[in-house]
């Protein structure tokens, strides 16, 4: 039986491109795990993708997942475009390579062990506590980026010792 995990993600960028941050919250029953990471030069779309990737890659076992995001780019890409891109060798309709192909491939790999029950859109800045918290963490990470390049090695800026470990 899969553990049922809810994931909330957000990305932020101060300029596009510019310093950026990503953040997420993973919920399992009464437990919660938060993360954030900042990068010196990136884009808002890369941060939205990285938030989902970091969350999914942090899970040690296969889980049933509902992922919430305010990013239409992430949600439309993963639910509609990705299968077409893969079928066409990661190229768009005009035969150009998909933007952020490195992260789309990484996200595609990250979802494989899991049962993704749903990808859900949340309108941003409407008061949903987990979405607002992710936004706050992502913006803070963008203000204090610790990675010189987008090197896929996030530095955790926030980690509550009382939070759960999802095994």
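The backbone N, Cα and C atoms fix where each Cβ goes, glycine too.
For reference, Swiss-Prot has these:
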- 10, 135: Mg(2+) 2 binding site (BINDING)
- 10, 48, 70: Mg(2+) 1 binding site (BINDING)
- 1-143: domain 'RNase H type-1' (DOMAIN)
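For the domain 'RNase H type-1' (1-143), the number of residues in each DSSP class (helix H, G, I; strand E, B; coil) is 56 helix, 50 strand, 37 coil. Comparing residue 48 (Mg(2+) 1 binding site) with residue 10 (Mg(2+) 2 binding site), their Cα atoms are 6 Å apart once rounded.
For the binding-site residues 10, 70, 135, the ranking by surrounding Cβ atoms (within 10 Å, all protein chains) places 10 first. A separation of roughly 7 Å, to the nearest angstrom, links the Cα atoms of residue 10 (Mg(2+) 2 binding site) and residue 70 (Mg(2+) 1 binding site). Highlighted in sequence order, 9, 11, 12, 47, 51, 69, 71, 74, 124, 131, 134, 135, 138 have their Cβ within 8 Å of the centre of the Cβ atoms of 10, 48, 70, the residues recorded for Mg(2+) 1, and are not part of that set.
Rounded to a whole number, the C-alpha distance linking residue 70 (Mg(2+) 1 binding site) with residue 135 (Mg(2+) 2 binding site) is 10 angstrom. Confidence annotation: the domain 'RNase H type-1' (1-143) carries a mean pLDDT of 96 in the model.
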